[in-house]
Amino acid sequence: MESALPAAGFLYWVGAGTVAYLALRISYSLFTALRVWGVGNEAGVGPGLGEWAVVTGSTDGIGKSYAEELAKHGMKVVLISRSKDKLDQVSSEIKEKFKVETRTIAVDFASEDIYDKIKTGLAGLEIGILVNNVGMSYEYPEYFLDVPDLDNVIKKMININILSVCKMTQLVLPGMVERSKGAILNISSGSGMLPVPLLTIYSATKTFVDFFSQCLHEEYRSKGVFVQSVLPYFVATKLAKIRKPTLDKPSPETFVKSAIKTVGLQSRTNGYLIHALMGSIISNLPSWIYLKIVMNMNKSTRAHYLKKTKKN
């Protein structure tokens, strides 16, 4: 009986310690969530980082919304996309609405010989924020060997989703390091957090963006440069082929308004509270369950697409 008493006391303290630890973890998580998703860090985004923001893929969707949001915060904006007509239109809209200076650079990120032109266009600018947003995905989920025009898709997706991030960072980062301030926001994807079969190349390129961002943040945060990996799930954009926004599929404007608050607070973010909850749940699923669910979903989407195109 006497020997059982110390054991009971030990178990009591183990239990009490566990409860206290869990309570602290929950309290910290709630505090962090309130700080990020409630209060945010909008005040840290603006000309204080540098006069200019540079946004790639800036004529539609998330990129356009970032350009507008940064202009709203008083930053001059360089818009970089493929279509000169669209660039001129968005540039005019931003100038008129936010009363800030804009510049445009028309290039196709599928090409590799564009970066001298971009370098010339950015010369002499004090760049505080770079948003690497330009990207491409699949037309529809497909098995790797059956992707139409596979050779071209491989080249384009690497150039647009990977090379652009590296080269734009190479152009802009030195000025930020020299001034000891700046932020690079790399738009990855929820598809980059875990493997997505039938979107294999896209998923892999977005994983690159995520890892590149995390590594770069560790390398340069001591030099005053904040690098963020943004991992959205579905947003109602042309790229995602979603027309109507919902709670879990927000408009680009809603998503960016939320994501901009996380700059300086989260170096890796889903950008939007509902997406953060989705990411937490998905990341904690056993991998075999997750892969089975995603494979079945994408097989269903593939079958629907092929049936629809066959009818047409």
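Using the three backbone atoms N, Cα and C, a Cβ is placed for every residue, glycine included.
What you see is a predicted model, and the numbers here were worked out from it, not measured in a lab.
Residues annotated as active site, proton acceptor in Swiss-Prot, with sequence analysis given as evidence: Tyr202. Positions annotated as NADP(+) binding site by Swiss-Prot: 50-79. The substrate binding site annotation in Swiss-Prot covers Ser189, and the record cites similarity to another entry as its basis. What Swiss-Prot lists as motif 'Di-lysine motif' is 308-312. For 4-24, 182-202, 271-291, the entry in Swiss-Prot reads transmembrane segment.
Taking the Cα atom of each, Ile62 (NADP(+) binding site) and Ser189 (substrate binding site) are about 12 angstrom apart.
The binding-site residues in question are Val54, Leu70, Val78, and the one with the fewest Cβ neighbours inside 10 Å is Val78. When averaged over the motif 'Di-lysine motif' (308-312), pLDDT in the model lands at 80. Helix, strand and coil residue tallies for the motif 'Di-lysine motif' (308-312), in that order: 4 helix, 0 strand, 1 coil [DSSP]. The CA atom of Tyr66 (NADP(+) binding site) is located 22 Å away from the CA atom of Tyr202 (active site, proton acceptor). Cα separation, Gly74 (NADP(+) binding site) to the residue listed as 'substrate binding site', rounded: 27 Å. A helical conformation is recorded for Ile62 (NADP(+) binding site) in the three-state DSSP classification. The local packing around the residue listed as 'active site, proton acceptor', expressed as other Cβ atoms within 10 Å of its Cβ over all shown chains, amounts to 21.
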